[in-house]
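Trainee: Before I ask anything, let me first share the structure, which is written out below as structure tokens.
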């Protein structure tokens, strides 16, 4: 596992984004782990988060893209800060674009924020996490309606590796549905590999008991 992935996993723990216990997802699944990206709250946290995204984007897509599209609402700051990180760390100049939830009828009218999409643009969608891929199914028609663009792929922070609408994982479903690459900074398998019986700030987050709970969860919900 690359060093930046290990650092990102520990960064999520330090920020209180990745926690372990007894949780219920929006879909009603009982899960032993939870990823709450709303706990990235400070400028320094967002700055470092964007550097992890930028590194993963360069690893997975190299320089073959022009626009970062961040679906409203959580994707908006991700697209902005990661565009800054790509410029500062890799001298890669990209535009950012996001959508509004409501169409504005005065001033800067329309549904898009930031750069307008132009025919021929190569777009990467940047999101926090996805369980069933709902936000992406909502986002793709918006992107396609605003330009003849090439959506190169989707990047999220953590791949939960769970079943989406069928038996495949949400990322695999999205990849096949929209013919694009899908990837994450880290997968939950990598999280478990790094944190299993490892002490972080004086505490072992994934001991034998917790690993057993995670294994049991994935015996039911792991996607193909």
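Backbone N, Cα and C define each Cβ position, glycine as well.
Sequence annotations record features per position, and here TrEMBL assigns 5-phospho-alpha-D-ribose 1-diphosphate binding site to 26, 73-74, 100-101, 104, 106, 127-135. Residues or ranges marked as domain 'Phosphoribosyltransferase' in TrEMBL: 42-164. Among the features that TrEMBL reports, orotate binding site is placed at 131, 160.
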Trainee: Average the per-residue pLDDT over the domain 'Phosphoribosyltransferase' (42-164) and send me the rounded value.
Mentor: 92
Trainee: Using Cβ-Cβ distances, find the residues under 8 Å from residue 74 (5-phospho-alpha-D-ribose 1-diphosphate binding site) that belong to the same chain and are at least 6 apart in sequence, listing them in sequence order.
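Mentor: Expected: 37, 38, 127, 128.
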Trainee: I need the nearest neighbour of residue 160 (orotate binding site) among the binding-site residues 26, 101, 130, 132, 134, using C-alpha distances.
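Mentor: Nearest candidate: 130.
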Trainee: In sequence order, which residues at least six apart in the same chain have a CB under 8 Å from the CB of residue 131 (orotate binding site)?
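Mentor: Expected: 25, 26, 27, 160, 162, 164, 170.
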Trainee: Let me make sure I understand the structure: which of the binding-site residues listed (130, 134) has the fewest other Cβ atoms within 10 A of its Cβ?
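Mentor: With the binding-site residues 130, 134, fewest surrounding Cβ atoms within 10 Å: 134.
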Trainee: Let me know the most crowded of the binding-site residues, choosing from 26, 101, 160 and counting other Cβ atoms within 10 Å.
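Mentor: Max Cβ neighbours within 10 Å, all protein chains included: 160.
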Trainee: What is the three-state DSSP composition of the domain 'Phosphoribosyltransferase' (42-164), stated as helix, strand and coil residue counts?
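Mentor: Helix, strand, coil within the domain 'Phosphoribosyltransferase' (42-164): 47 helix, 37 strand, 39 coil.
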